[in-house]
Each structure stands twice: as structure tokens, then as C-alpha cells.
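Let me begin by presenting the structure, written as C-alpha cells, before commenting on it.
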Amino acid sequence: MAFEGLSERMQSIMRKLRGKGKVTEADVKEAMREVRLALLEADVNFRVVRDFVNRVKERVVGQEVMRSLTPGQQVIKVVNEELTQLMGGERSKLNQALRSPTVIMMVGLQGTGKTTSSGKLARYFQKQNRRTLLVAGDVYRPAAIRQLEVLGESLDTPVFSLGDQESPVVIARRGVEKAREEGFDYVIIDTAGRLHIDEEMMGELRKIREQVSPDEILLVVDAMTGQDAVNVAESFNQQLGLTGVVLTKLDGDTRGGAALSVKAVTDCPIKFVGTGEKTDALEPFFPDRMASRILGMGDVLTLIEKAQSAVDQEKARDLERKMRTLTFTFDDFLDQLQQVRKMGPLEDMLSMLPDVGQMKGLKNVQVDEKQLVRVEAIIRSMTPQEKSHPEILNASRRKRIARGSGTTVQDVNRLIKQFNDMKKMMKQFTQMAKGKKKKKRGGFRFPFMS
Amino acid sequence: MSFFQKLKESVQQKTETVTQKFMTGLSKTSHNFVSAISDLFSRTNRIDEDLYEELEEILIGADVGVKTTIDLVERLREEVKARKIKEPAELKSLLSEVISEILKRNEQEQHLRLNEDGLTVILFVGVNGVGKTTTIGKLAHRFKNEGKKVILAAGDTFRAGAIEQLETWGQRIGVDVIRHQAGSDPAAVIYDGIHAARSRKADILLCDTAGRLQNKVNLMEELKKVHRVVQRESPGAPHDVLLVLDATTGQNALVQARQFGQAVNVSGIVLTKLDGTAKGGMVIAINHELNLPVKLVGLGEKADDLQDFDSDQFLHALFRDMIEAEEGNS
Ligand SMILES: Nc1nc2c(ncn2[C@@H]2O[C@H](COP(=O)(O)OP(=O)(O)OP(=O)(O)O)[C@@H](O)[C@H]2O)c(=O)[nH]1
Ligand SMILES: [Mg+2]
């Protein structure tokens, strides 16, 4: 993350305040300045920020917030609540046609991810056993039709195309007709990316809309969009009447303030978010999570969900027992490692953690995937006996392992040391659990964190 | 001579059409930005905190970024003090002077590094959808018109239809495209590209790569491998590693520049989609914080919608209304 989270900034302000006893108006002003900067750094449009900060200020000043014991936390709470509220409060569903097919039109600037999102939506419906017809309406960008066809093939979903010589208006109309005749549940019209100020191209979208009366007109917005997001969204909305937004590329490390800007100017709910290049990477939008992300407070909920789905409960219990009885071996270690990796790239996970207080140490953690691979290779080069009885690992065995895994003896030594440290730590934990020792914080590191 | 006059003269010396292209491409940008600033300066008659704060908002609104904006405004304050400036109107010229200074800092690095006696290899990198492939098409068109022999390498083997997209550009402008199957190793495609370019005695090899987000460790490793292959197979290459940035992108552009820079030693920026309403303020932030020159700008989707970046023209277009206003007064 390139920027400090709001939580951290608030904490540093509040540290300064501590001991002063009373929070003054000037203090509120400074806190609000931090809120403002945090939002601006997250790319929320400055006008949207101005309105937002004023609203929050009213609530903060009018309330007990500043007299509470933890004013910093309280301010963040109010900000978070207001943000969540502004982004729609609850999840919002897709409109359904009374009679099938439900017609969805994808629109947006160039390169935002309309075609990929069309494929992902088709996949999403497929998982609900619904049939989708994809319509190739981008006749301008070279090979755009081909892109949709390849996606369709990989999803076993038909793609309707009339080549790139026919007008997109005709293609859309004929596509919807076909979907109706053949009893499809959904028809998704992919359109070419265009600038909102390109009158001719915007006129084309209006014509398509007139021809096919879509149930959904989804604006596809790149989560990395800057201040211009308001102009784009406002303009598309005025010219077409949007029904929703798809926010793409959220698997990047942007804070995604555009989400807030777009919602504020169009009042259209964000219905889906794109979180990867694969067709499965489409998720419903959760305003509360987005709020935390914009504020740099991490996405703890998502992290927990990911952990729950990836970690085998059975294995977890098993591991817990081994930790208790201190019979943890290199096999278990490897197992652990693989479970962690199943949760996705480690950096993605770390970026979901909040930057709050005690977690601070984690912020500087650099996950080295190469290091991970090395650790795996070393363990795999051990014999079963060595794995379960690491104490037999003498110098010649270590040398053999290093050669077998393409690493150095130092690498092997380091891993063994870390493994032993980990075991020691577990001993402390177990004793801690039994109430023998005082709780000890920090110090624990997986070997792949440097 | 006032700063604006100097700017104008410098622009007049450049070819009319190029300036025209810049102006149409940037007209929206320029209009919004400038009218906001003009508005601000004519409304107030005192240089005070409110004025600075509003100025800050305008710059942030142009995606200049929080840090650069604060630095810029700080510079303004110092200059105002040092030069004992009282009139808000004088701030106008001062602001563009300060920005111009930043943009010019990397000017000598602004041109593409062409290898005069042999093959020039240029690698294009960037996140998804910013305009890498299109820029390659446009640049190939330019080189071809200059009489150079150009070859394209279809290094995006991942995104559906990416190879066909580059091939279509190749056919359109009449240059060869080296390709493998979808899904194959990008480094191998680039390897073949280099060898084909050499045996066919090409002057320029333009290498496309798949769009990737800078926080994907594995994909960045893949890119490093491509980069290493280029270095190994052709001494002195890549002559340029161009990071393509979408002008609509906000603060993340800086993160992109930083991360890609670290991974593959980016030598310059291509700023695309400046024909939209995005303000292009990132150019300022990137120069200010990373000292990476902007080499090319994209002003549309057609083959000839590509220009060399020119800070004078950029500023001139950005401050056009103001320049005209100043002339009207004198
Ligand atoms: N208006 C405008 N559109 C542009 C410009 N440059 C590229 N585009 C459009 O942006 C879209 C994406 O461009 P591509 O060249 O496919 O981008 P890319 O970076 O190769 O994308 P991936 O390979 O998918 O990562 C296309 O629709 C282009 O026509 C520009 O300067 N102005
Ligand atoms: Mg491409």
C-alpha cells in the first residue's frame, strides 16, 4: 500500500491529543483534515469529499464523539458508517425481466473490462443454471469479437456475432431476437469502449437502448480511475440512464475511491466487482468492505472468509493437536504452507489486513514467493525420516538436501533454525494456554516473511 | 517577456499540425482545468489561505496527486513571499512556471532511444487495458512512415484475442507479426521476435506484453523473465521499456510506475487517452516524484493519434484560456 490508512493517521493525531484531557474544535478540524486527505488519496472526487466531510463533521461535533474515551476510533466509526451508507448500505441485486430473456447492456470507457465482465456475468448465471447468450457488439476494436468468442468457448456459452461490418445497433437487436426465440434466460450485449464526450458513439448506445429496451445498463468502471470518474459516470448516466455499476480490477492495490464518486453522482448501485482475470473472479459488492478499503482499514471480513474456505477444518484440528503435543514435523510444516498458499497470493492477503495498532509489524512484511518455493523444495528433498525427526539432520544430510533442492546449505540451516524457533514458540503458546506464562506479543514470523 | 509569451513563442516554432492535434485532444482537459483556475483568480482579490486551499483542490481535481499538490502549493507560497507578490492574478503565471519547471526536469530523456547501428528493441508494459497494443500499432505506423522496417512480437499470449488484435494492427499497417499459440510462454515469443527481427534485418522490434496488475508477484516475475531474455539475446536491448499509463487513472498510476520501474527498469511513460476529459495531471506527479520522462501521448484510437510528449505544448494547451486572457489585457 502506498498510503497510510486513515486508522494510522487518526491514531497519530489522537496520540498527540492524549493527555490534553479535552478535545477542542481545532482538534476536530485537524481530524477532519486527515479524513479529507485519506479520501483524496483514495481518489474520491474532491467535490464528493467536500460534501462528505461536511456531513461527517456535523455528526462528529453534534455528538458525544469528542468527549468519548476514544475519539479517534469514534471518528473513524462515523466516517465508516457514513461511507457505507453512501455506497448503498445493502447489497443490490440485478433487475430481472418479467419475461425472459433479461437484457443486459455493458457500457463504459475504453479498456475498463467490459468484455471480460460480460464473460464473468455469463459464468455467474451459468452457476445458477441459467443460459446466457453473449452478443458481440464491439465492431471497432481489432479482435474484440474474437476475444468474446474465445471467452464464450471456454465457458461453453454461445456468442452471437454478425462480424465487424454490421452496425452494433442491428447486431444488438438481432441478438436479443435470437435469445428470445431460443429461450435464453439472459442476453448480455458487449459494446465497444468509448469516450463519454464522443457524441456519435454515445448516440449509437442510445439507439441500441431504444432497440432492445435493456433491463440493466451497467457502467463498467476501472477501480483505479481518478478524479475524472465523476465526469464519466455523470455523462453516461445522463445520456443513457444507468441501472448499475460494475467495478473492475479490484484485485489491484488501489484504494478504489472511484466507487464512492460514481455512486455519489449517479446514485446507481454498484452491483458487482471484478477481482481477477479469470471468469470466476466476479463478486457481489459489499459497501461495508469497500468503505474499509477506501479508508485503508483492510478487508478483514473477506480475509476471514477466504481463510475459512481454504483451510481444511479437519486438518486444522489435527494441527492444533500436534501443536499441543509438540509432535509437529516438517510434513506438517509443508502442509501448513500449502494451505496458506491456497488462500491466494500472500500479498493479496496481507493487503487485506488492517493497518491498525498491533498489526503494524505486519505492514513491513515482504512476502517473498521465491523464498516460499525454496522452502518447499528444501522440505521435499528430505527423507521421510528426516522430516519427522529433524534432529538427525547433520552436516552431511544438510549438504545433500541443499544439493537436491538447488539451494545452499545456509538456506537449509536457516529453515531448520526457523522450524526449531517455531516449535519453541509453540511450546510457549501451549504453556501460555495452560496459564503458565504471561502473554508475549510479536516475534513470530513464518520463514517466508523477511 | 512574460512566461506566457515565452511559452507561446516556443509553441509557435513547432509545427502547426502537431499543436493542433494536441489542442483538440486536450481541449476538454484544458477547458475544465483552466476555467476553474481563471474563475478562482478573478473571484478573489487577496492571496489568502482560502485561495491556496482552493488551488489545492483544483490541482488534486486534475489528478496531480495529494503529495505533489502540497509540494507545489508550498513552492508557490515561498515564491509569493520571496517575490512579494500581492495580486492573485500573478499567481497564475507563477503556477504554470513552477509546473513547467518540473516537466522540463526530465526533458533531455524524452526521446525514444533508437539504436542507430542495428536493431532497436522496445518493450511495452503496463496494467490491463491501458493501451499497450494500440500504442504499438500507432508507433509501428509512425516508424513505417519514416521508412523503417518494423516487426511486432505478440508477447500477450494470455488475454483472449490479444494475439489476433496485434495481428490486425500488423495487417492494417503492413508489418510482420511474430506470434505463437495462445497460452504459450511469452519469453519464447519475444526470443523468436528478436531472432526474426535480426535475420530479417529489421530496424525496430516492438514487443507487446499481457496487461498485469503490479501487485501480482508471479506475473511480475514472468515479466522480469521476458526482460531478461531481451537483455540476453540482444546486447544493449531493450533500448526503451515503456510503461503505458491511462490518463484516467488516479493515484495508482504512481504505484504502477514505481513497481514496474523496479521490476523491469522502465525508461519512459506513454500517457494514453488524453483525448478524454481526464486532466493528465499525473504527468506532473510522475515527473515530480519519480523523474520518469513522458515520451509519448495517445490522443485517440487511430493509427496517427500518437504524439511525442512536449511539455510546452502540454502546458500551452492546459493554460490556453489564460494566455488568451492575458493577451486581451495587454
Ligand atoms: N480514446 C482513446 N482510446 C485509446 C487510446 N489508446 C488506446 N485506446 C483504447 O483503449 C482500449 C484498450 O487498448 P489496448 O491497446 O487493447 O490496451 P492494452 O493495454 O493492450 O490492453 P490489454 O492487453 O488487455 O491489457 C482499446 O479500445 C483502445 O482502442 C487513446 O489514446 N485514446
Ligand atoms: Mg494488449
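Backbone N, Cα and C atoms are what each Cβ position is placed from, and that goes for glycine too.
Among the features that TrEMBL reports, GTP binding site is placed at A:108-115, A:190-194, A:248-251. Under the three-state DSSP scheme, A:K114 (GTP binding site) falls in the helix class.
If you look up TrEMBL, you'll see A:269-282 marked as domain 'SRP54-type proteins GTP-binding'. A mean pLDDT of 94 is what the model gives for the domain 'SRP54-type proteins GTP-binding' (A:269-282).
Checking the binding-site residues A:G111, A:K114, A:R194, A:L250 against chain B with a Cβ-Cβ cut-off under 8 Å leaves A:G111. A 10 Å cutoff on Cβ-Cβ distances gives A:K114 (GTP binding site) a total of 30 other Cβ atoms nearby, all chains included. For A:G108 (GTP binding site), other Cβ atoms within 10 Å of its Cβ number 25.
For the recorded site, A:T191 (GTP binding site), the DSSP three-state label reads strand.
The local packing around A:R194 (GTP binding site), expressed as other Cβ atoms within 10 Å of its Cβ over all shown chains, amounts to 21. The local packing around A:G111 (GTP binding site), expressed as other Cβ atoms within 10 Å of its Cβ over all shown chains, amounts to 23. Taking the Cβ of A:T191 (GTP binding site) as reference, residues of its chain lying under 8 Å away and at least six apart in sequence are, in sequence order, A:M105, A:M106, A:V107, A:K114, A:G137, A:D138, A:P168, A:L205, A:I208. In terms of DSSP helix, strand and coil, the domain 'SRP54-type proteins GTP-binding' (A:269-282) has 0 helix, 6 strand, 8 coil.
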